Amino acid sequence: MALTYSEIMVRYGELSTKGKNRMRFINKLRNNIKDVLSIYPEVKVTFDRDRGHIYLNGTDYEPVAESLKQIFGIQAFSPVYKFEKDVEVLKKAVQDIMTGLYRDGLTFKVTAKRSDHDFVLDSRELNLTLGNAVIDAFPDIKAQMKGPDVNLKVEIRAEAAYISHEEIKGAGGLPVGTAGKGMLMLSGGIDSPVAGYLALKRGVDIEAVHFASPPYTSPGALKKAQDLTRKLTKFGGNIQFIEVPFTEIQEEIKEKAPEAYLMTLTRRFMMRITDRIREERCGLVIINGESLGQVASQTMESMQAINAVTCTPVIRPVVTMDKLEIIDLAQKIDTFDISIQPFEDCCTIFAPDRPKTNPKIKNVERYEGRMDVESLVERAVAGIMVTEITPIEEAQDEVDTLIEDLL
Ligand code: ATP
Ligand code: MG
């Protein structure tokens, strides 16, 4: 008999400690899992108080498991076989399962549980009967109650019997969306996607804000930011992508301010606009990819000058990380290869050779006094374009590359 998994059982992580918020957490996690697994059309997801059930309906287990491993808020999951509720069928089932696992010296036990109390055997009798069936098939196998190599978990439910023997560790963290919403300032660089990933890990529902300055920046740069956003959807589901028209502001700054201050002024505008968008869309914080001392705009003095335009909390998840540590994470979350694609960002294009590392607020304000800051900000905010990024296009891309590889 060929055994195939019929469902995956999901155990919740930290959220089990969250008291009366529990149902809200569980619902978020269920919706996130549905978003992420939307690339598998046959898969169905249902959740109850204690755990989630992911019905495979014929879909291969392996890729679904790979997807699940990435989703924040899952503590562990187990693939499950489904059988008819019949003692003979179950005896054969445990023997078949052990055939795939058996090796010399293997220890095992059976842990049965029934929610259907009308079943002919109670849990103790099930443990014995099924344990003996395994020993009949493998006379040298050792039963061991404490820490066996294999724990065959048998569950008799109303509709069928279920057996699992494997528990796979999940990503931990909190379900995305349970901590509230934050605006991620997402460039096409290495750092901001990693910052987004770390915010997602703690349950922040991020919206990606990307500043584009066509024709100075190319459609390729925009697509890069969208592709990075899509990479982030695998941790907790769909993400709103907000493109901000930034050309007018960059031209204005270039015309009205000395070169050494371009960077500081540009960043202050980005911060103001992101904050305005945050307010309109009910976000609570701003998240960016600044890392202390990495470049001129990221000295403490620069951070202070840039941050001065808002009192909204600015979360900087990578602020104390070394570049190499950030790159390690970027590789782990598979954003690195996209980040290093050579498309010019709006900041690279207008970047001065020698930006100020110690900008003076007094000067900053003087230069901004030459511009109509408020209406520039308003026009940019009025011109935003919002799209929802889902994991699906990536699956399509993978299919396309597979087909290309075949040809
Ligand atoms: P990254 O690798 O994230 O681009 P970086 O080391 O290149 O970071 P900067 O270019 O100074 O650093 O940018 C600092 C932060 O400002 C970025 O991490 C990002 O959060 C934000 N930022 C920069 N450019 C943009 C942009 N075009 N759109 C949105 N946010 C941006
Ligand atoms: Mg950058």
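Backbone N, Cα and C atoms are what each Cβ position is placed from, and that goes for glycine too.
If you look up TrEMBL, you'll see 62-167 marked as domain 'THUMP'. If you look up TrEMBL, you'll see M185, L186, H210, F211, R267, G289, Q298 marked as ATP binding site.
Each of the binding-site residues H210, R267 was ranked by the number of other C-beta atoms within 10 Å, and first place falls to H210. Taken residue by residue, the domain 'THUMP' (62-167) breaks down under DSSP into 39 helix, 31 strand, 36 coil. Maximum C-alpha to C-alpha distance over the listed ATP-binding residues M185, L186, H210, F211, R267, G289, Q298 is 19 Å. Summarising the environment of G289 (ATP binding site), the number of other Cβ atoms within 10 Å of its Cβ, over all protein chains shown, is 24. Fewest Cβ neighbours within 10 Å among the binding-site residues M185, L186: this applies to M185.
Reduced to three states, the DSSP call for H210 (ATP binding site) is strand. If you draw a 10 Å sphere around the CB of Q298 (ATP binding site), it holds 20 other CB atoms from the protein chains shown.
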